[in-house]
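**Q** Attaching a single structure in C-alpha cells format; questions to follow.
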Amino acid sequence: MKTLNDFNFENKKALIRVDFNVPLNEKFEVTDATRIVSAKPTIIKILEDGGSCILMSHLGRPKGFQDEFSLKHIAAKVSDILGVEVKFVTDCIGSKAEEAAANLQPGEVLLLENLRFYKEETAGDKDFAEKLSKLGDVYVNDAFGTAHRAHASTTIVAQFFEGKKCFGSLLAQEIESINKVMETGEKPVLAILGGAKVSSKITIIENILDKVDHLIIGGGMAFTFVKAQGGKIGNSICEDDKMGLALEILQHAKDKNVQVHIPIDTIAADDFSNDANTQIVDINAIPDGWEGVDAGPKSRAQFHDVVMQCKTILWNGPLGVFEMENFAQGTIELGNSIAEATKNGAFSLVGGGDSVAAVKQFGFENKVSYVSTGGGAMLESLEGKTLPGIAAILE
Ligand code: AMP
C-alpha cells in the first residue's frame, strides 16, 4: 500500500483529491470544517517536503457552472485552516487551470474549481481525467467519502500516474482502521449494528459473520428478528418481508459460532414523539399500540458486558431513536461502554451515517479509537466490497 511516506515531494506538484464537500450557510460560510481539517496532515506533509499542492474536490450537486456551488467560497477558510495562502483558479481543467498549476512554486497551494461543474466527473470520463492528470506530477487520493465512486478524479485519473500515486494520510487511516476490524483485529471481535432497517444492513451482516465472535443487533432493526422468532412487537418498526432472512441470518451465525445478542427489553412509547408516555417491557411482549424506541435497562447491562469482553469493536447504527432526547439513553450508554473498553485497550471503530452523528452529538469522538469520515464508503467497505478509489491506487 503506497502512502505519502513512500514519496519525497520536493519540487513535485501533488494533485490531491480531497473531500471539501462541506456545508455552507446562506452567507456561504463553512458551518462544519471537519473535512478540511482532516485533509490538513496530507497537505502539510507535502508542503514540508518542499512540494506544492493542487487541491481538487466537488461541492454539492451542481448542474453545470453554478456560482452557489463554487469552491471560491471556501478558499479563505482553507487558507485559515492550513495557515498558508490558498490560490484559487476558476476552472479545474484547460488552459487557466494548467497555467495556474504550472506557475505554482514549492510551498504553495492551489484550489481548483468544483469538479462537478463538468458532468464528465461523475461519468468517470477518461478524457476529462487525462486533462486533470496534466496538472500534477504525483496523484494523491485523500477523499474516503468518495472512494466508493468510480468518478474521474477519484478513480480514473489514477491510470495516468503509474508508479506515481498514493493514499493520503486520511485515506490510509481509514483503510487501516477497517482492516483492524475486518482482518487483523484482536479477538474477541464484536460488531454492533443498529439503526432503522435490516434491509440496508443485510450485506454487511452476511459479510461480517465471517469476521466476528459477537454480534449485537439493536435499534429498530432488532424488531424484525424478534417478530420472526414469534415475539409480539406492537407497533414497532418491522420489515415483515425480511423475517425469513432474519431467521437465516440467525442460523448462519449459529453455524459460524457467532454469538448474537438481541435486546431483552425495550423502552416502549405510545406515540413516535419525545413526549409520548413510556414503559419498560420485555422486547417480545410489547402491548398493542406501543412501539419500541430505545434499548431497555436489562439490554443496556447485557450489551455493556459484551462490549467489556471484546478487544475489537465496530459500531454502526444507533440503539434507539437518539434524535429524540428521551430515547437516546441506550445509544449514550453504549457509547460510554465502548469508551470504557477503548480506555482498557480495545480498538473501536465507529462508522457509517447516524452512529457518527450520535458519537459527535454525545461527545464520544475522542473516546473511541477512530471515527470514520465516510458514510457510504464505510458501509460498502463493511460489505466486503473493494472500493474503486482504493483499487485504483493499488493497481
Ligand atoms: P440507519 O440510517 O439505518 O443507521 O438508521 C438510523 C435511524 O434509525 C435513526 O434515525 C434512528 O432514529 C432510527 N432508529 C433507531 N432505533 C429505532 C427504533 N426503535 N424505531 C424507529 N427508528 C429507530
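Residue numbers in this text run from 1 along the chain shown.
Glycine is no exception: its Cβ is also placed from the backbone N, Cα and C atoms.
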**Q** Have a look through E162, E174, E323, E325 and flag the one TrEMBL assigns to the ATP site that K201, G292, G352, G353, D354, S355 belong to.
**A** E323
**Q** Which of the three DSSP states, helix, strand or coil, fits D354 (ATP binding site)?
**A** helix
**Q** Between the binding-site residues G60, G292, G352, G353, where is the Cβ count within 10 Å the lowest?
**A** G60
**Q** Find, among the binding-site residues listed as N21, S355, the one whose Cβ has the highest number of other Cβ atoms within 10 Å in the structure shown.
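**A** Top count of Cβ atoms within 10 Å goes to S355.
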**Q** Among the binding-site residues N21, R35, G60, R149, K201, D354, name every one whose Cβ is found under 6 angstroms from ligand 1, counting any of its atoms.
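**A** Only D354 meet the Cβ criterion.
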**Q** When the number of other CB atoms within 10 A of each residue's CB is tallied over all shown chains, which of the binding-site residues D19, E323, D354 has the maximum?
**A** D19
**Q** On the Cα atoms of D19, F20, N21, R35, H58, L59, G60, R61, R116, R149, which are listed as binding substrate, what is the maximum pairwise distance in Å?
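**A** Site span for substrate, by Cα atoms: 18 Å.
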**Q** Of the binding-site residues listed here (K201, G353, D354, S355), which is spatially closest to N21 (substrate binding site) when Cα positions are compared?
**A** G353
